[in-house]
């Protein structure tokens, strides 16, 4: 009986060429996997940087770029004192027990404590204000804080307080507040406080910025410097031009 053994054919030039091409193709495929993996890591790193990177909220109305360092001013806070030189006085303030003078057109006075008066507030993102309102209609007029939210705590008196939401709804949220009551005014929304009681009212406001800013609506519109063209206001507020000019000629009191 004859045993037949299969013989492996001797590779031809074509077979060797196919092997080389297959090897090259495999190397390219492996290289593409590595490239794709690196690309994925790069995209992940970029995505992470987009999530964590941000522009800090400004602590002033605007900051015009300038190349001359000698003419520049410090923004978003103040220079920091050497920590070894800090004292307890840097972190305290006395005087909020003193009633504000409400003998003005609004019957209101707001005494706000920022890093200017209490240096230890610098960079901490908080400030505090005492609000005094005269009896029978003392008003902290409609205004907004461009850089902070506000929590109001009533200490004395009875307040009618509220805020209006932004476009397009303009929903009004109001509440009658008595001593011990809290009310929140969301970031950037127009709000107000009116003393509807027969006795002086006192409230404390905490704000989420060391310099929240305040823009009183009527003062900004009718007391702007320079005055707005009356045509802007007659159209925007549906007012007679004579009335607009009369309003622009009045003195607009700043309660702060």
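Here, residue 1 is simply the first one shown, and the rest follow in order.
In case you wondered, yes, glycine gets a Cβ from its N, Cα and C as well.
According to TrEMBL, the features are:
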type	residues	note
BINDING	140, 145, 150	oxalate binding site
BINDING	143, 145, 150, 191	Mn(2+) binding site
DISULFID	63-80	disulfide bond
DOMAIN	94-245	domain 'Cupin type-1'
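For the pair residue 143 (Mn(2+) binding site) and residue 150 (oxalate binding site), the C-alpha distance works out to 12 angstrom.
When the Cα atoms are compared, residue 150 (oxalate binding site) and residue 80 (disulfide bond) turn out to be 26 Å apart. Across all of the domain 'Cupin type-1' (94-245), the predicted model scores a mean pLDDT of 95. A separation of roughly 9 Å, to the nearest angstrom, links the Cα atoms of residue 145 (oxalate binding site) and residue 191 (Mn(2+) binding site).
You'll find the Cα of residue 80 (disulfide bond) roughly 34 Å from the Cα of residue 191 (Mn(2+) binding site). Taking the centre of the Cβ atoms of 140, 145, 150 as the oxalate site, the nearby residues of that chain (Cβ within 8 Å, site residues left out) are 129, 143, 144, 152, 185, 191, 205, 207, 212, 214. Here the Cβ of residue 143 (Mn(2+) binding site) has 22 other Cβ atoms within 10 Å, regardless of which shown protein chain they belong to.
There are 10 other CB atoms within 10 A of the CB of residue 80 (disulfide bond), with all protein chains counted. For residue 150 (oxalate binding site), the count of additional Cβ atoms within 10 Å of its Cβ stands at 23 [all protein chains shown].
In sequence order, 144, 163, 185, 189, 190, 212, 214 are the same-chain residues whose CB sits within 8 A of the CB centroid of 143, 145, 150, 191, the residues recorded for Mn(2+) being left out.
Calculated from their C-alpha atoms, the gap between residue 140 (oxalate binding site) and residue 191 (Mn(2+) binding site) amounts to 9 Å.
Here the binding-site residues are 140, 145, 191, and the one ringed by the most other CB atoms within 10 angstroms is 140.
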